[in-house]
Amino acid sequence: MVRIQDLSLAFNGQTLFEHLNLTLLPNEWVSLLGSSGVGKSTLLRLLAGIETQGMVQGKILFEPKVRIAWLPQKETLYPWLSIVDNVQLQAVLFGRKSVKTTEKAKMLLEKVGMAAHWHKPCSQLSGGQKQRVALARTLMQEVDLILLDEPFSALDAISRHQLQDLAFELLEDKSVLLVTHDPQEALRLSQRIFVLRSPETHQTALSAVILPEGNAPRELHQANLWTLQQQLLQELGGEQ
């Protein structure tokens, strides 16, 4: 679906990562961890086709007609718009809002448990509710690859667990690249996990792949996940 070949990124003369190679496959969750400032969020921006001020070398190759949606860490809902109009934002912005798009948006809000609030402005929502609306808007775009940048990091533990399960259920037929700082989140949701490393470690840009066993979303009490979590923490500790 997407191939990243020999990709390097530098800002103001400082190399964040170099010679990165990664292939994203259909219908798969891949998680990417790493220390702050190593370029994880910028990598998502590059995949989304958003310009960056850094110096980029290498290639990102897409299969024909691959559609991509990006859910950034920073809130992107418009507080003065209703929830349903935030979900159908593309139609609103480009003058294509219709009964059909509104009904589809309401259907997606029902899937994320927000149907009763469709008429409210987003300014009245809690953090967890906003993430549900953002997820519905992502689904509205009907894409193949979803880029998630720390989507649950601002939520309390219970809401985070609920939203993880909901996202996995609703995105089960999509490819997902998840940037997260939470090893447990990666282990619950992903088929493959990597740590992105800076060149200062004198290692390859990506760690060896970690492959959790069993079907996601997983229960964290599994003994093998505890071992993999320790492996991830050791890898991340080497990045500090």
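Note that Cβ sites are derived from N, Cα and C of the backbone, with glycine treated the same way.
Database features, via Swiss-Prot:
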- Gly34, Ser35, Ser36, Gly37, Val38, Gly39, Lys40, Ser41: ATP binding site (BINDING)
- 2-223: domain 'ABC transporter' (DOMAIN)
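Within 8 Å of the centroid of the Cβ atoms of Gly34, Ser35, Ser36, Gly37, Val38, Gly39, Lys40, Ser41, where the record puts ATP, the same chain has further Cβ atoms from Leu16, Leu196, Ser198. According to DSSP, Ser36 (ATP binding site) is assigned to coil rather than to any helix or strand.
Here the binding-site residues are Ser35, Ser36, Ser41; the one with the fewest Cβ atoms within 10 Å of its Cβ is Ser36. Ranking the binding-site residues Gly34, Gly37, Gly39 by other CB atoms within 10 A of the CB puts Gly37 at the bottom. Sequence-distant neighbours of Lys40 (ATP binding site) (same chain, six or more apart, CB under 8 Å from its CB) are Leu32, Leu33, Gly34, Asp149, Val179, Leu196, listed in sequence order. Neighbour density for Val38 (ATP binding site): within 10 A of its CB lie 23 other CB atoms from the protein chains shown.
Under the DSSP three-state reduction, Ser41 (ATP binding site) is assigned to helix.
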